[in-house]
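Colleague: After the structure tokens below, expect a handful of questions from me.
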Amino acid sequence: MNTSQLREKFKEVFGVEADHTFFSPGRINLIGEHTDYNGGNVLPVAITLGTYGAARKRDDKVLRFFSANFEEKGIIEVPLENLRFEKEHNWTNYPKGVLHFLQEAGHTIDSGMDIYIYGNIPNGSGLSSSSSLELLIGVIVEKLYDIKLERLDLVKIGKQTENDFIGVNSGIMDQFAIGMGADQCAIYLDTNTLKYDLVPLDLKDNVVVIMNTNKRRELADSKYNERRAECETAVSELQEKLDIQTLGELDFLTFDAYSYLIKDENRIKRARHVVLENQRTLQARKALEAGDLEGFGRLMNASHVSLEYDYEVTGLELDTLAHTAWEQEGVLGARMTGAGFGGCAIALVNKDKVEDFKKAVGQRYEEVVGYAPSFYIAEVTGGSRVLD
């Protein structure tokens with residue numbers, strides 16, 4: 001969607017001109033899964049599937065929201081003085097949360113807004129539509145109210161909204177990737193220290209194909225919180241002998257020597273995934289920097305196997321996509337991405353083989369699962385921004 005279309009749609013809905021237009025990307029994580037809430041390393045990119053916005057300031061204290069993705073809900077009106085979570089306010093709880101925490105941080109938002117939203121991230125796909133919306137709202141508020149914010153502070157407010165307003169116990173990776181994204185770069189982030197490096201992403205003759213299971217993944221209702229609790233329990237058991245706060249601090253030799261402290265076989269498997277995935281993510285960064293895409297692909301495959309057997313967050317749909325992808329010509333690697341339990345997988349595919357790949361994987365998936373997957377090419381882009 002371009003800026004003139006955004007402005008046109010805004011005027012159709014609100015009857016006045018927008019002040020500015022905005023874009024906030026989605027994200028995929030190339031490798032480093034379920035490590036972000038375990039103090040580990042991640043390697044995400046911001047992508048051109050994302051959330052568009054148009055907005056204007058109002059003279060009163062009313063917030064009016066409209067989403068083209070939820071047209072049937074019409075314009076949702078919220079008083080600026082009442083930024084509490086209310087179930088009937090549906091998707092607008094995300095912007096309300098961001099505004100609430102911006103105010104709590106001492107920023108003055110002294111009048112209402114009209115905000116038009118259009119997103120082309122498929123709902124429930126696990127490509128971070130909620131984080132994309134959170135960062136979009138932050139950028140809108142920065143621009144309309146002339147607020148000077150460090151981007152990292154905005155990223156943290158997005159996470160705070162997710163955790164403390166919506167009630168989802170997620171890590172910081174999604175908001176970080178979306179807020180800090182850079183053209184043609186992956187972000188190597190240490191979630192323990194929030195130190196990060198931009199890693200140039202030269203895929204040569206290959207593209208990242210996103211494969212959507214089209215099985216919705218409701219993060220708050222999934223086993224995500226259960227996995228997180230298992231990891232936290234494993235840490236507390238290891239603390240009997242080890243001075244650690246997170247699994248991300250462990251190398252595999254140390255973990256292997258002390259894993260006997262963990263009293264449950266499942267918790268050992270969960271912790272083993274995190275420790276090894278952390279090492280794979282560092283190796284993947286080195287492979288990218290060395291231009292070793294074959295090595296990078298092998299690490300993607302190993303990541304999926306670990307998520308399937310040790311972390312147990314894949315399921316029939318994601319496994320069918322990844323396993324079928326591994327068998328195709330021109331594929332360097334494939335894995336699930338995101339929280340799992342549905343959502344998306346990704347594959348690194350030679351660009352001349354993409355059509356054959358989509359046909360073969362799509363056909364096999366439909367045979368096994370009973371309905372078709374969707375495919376998108378992931379184009380890497382910069383972080384949340386003002387368009388005009």
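Even glycines carry a Cβ here, placed using N, Cα and C.
Source: prediction; values computed, not measured.
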Colleague: Name the one residue among Y224, Y258, Y260, Y309 that Swiss-Prot lists for the same substrate site as E33, H34, T35, D36.
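Modeller: Swiss-Prot lists E33, H34, T35, D36 binding substrate, and from Y224, Y258, Y260, Y309 it also lists Y224.
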Colleague: Excluding E33, H34, T35, D36, Y224, please set out which residues of the same chain place their CB within 8 Å of the center of the CB atoms of the substrate site, keeping sequence order.
Modeller: G32, Y37, N38, G40, V42, G171, M173, R227, V274, E277, A339
Colleague: Looking at the binding-site residues G124, G126, which sits with the largest number of other Cβ atoms within 10 Å of its Cβ?
Modeller: G126
Colleague: Does anything in the same chain, at least 6 positions from T35 (substrate binding site), have a Cβ under 8 Å from its Cβ, and if so what?
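Modeller: Spatial neighbours, sequence-distant, of T35 (substrate binding site): N41, V42, T191, G248, V274, E277, N278, T281.
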Colleague: S125 (ATP binding site) has how many other Cβ neighbours within 10 Å of its own Cβ?
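Modeller: The answer is 23 other Cβ atoms.
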Colleague: Just how many other Cβ atoms lie inside 10 Å of the Cβ on H34 (substrate binding site)?
Modeller: 26
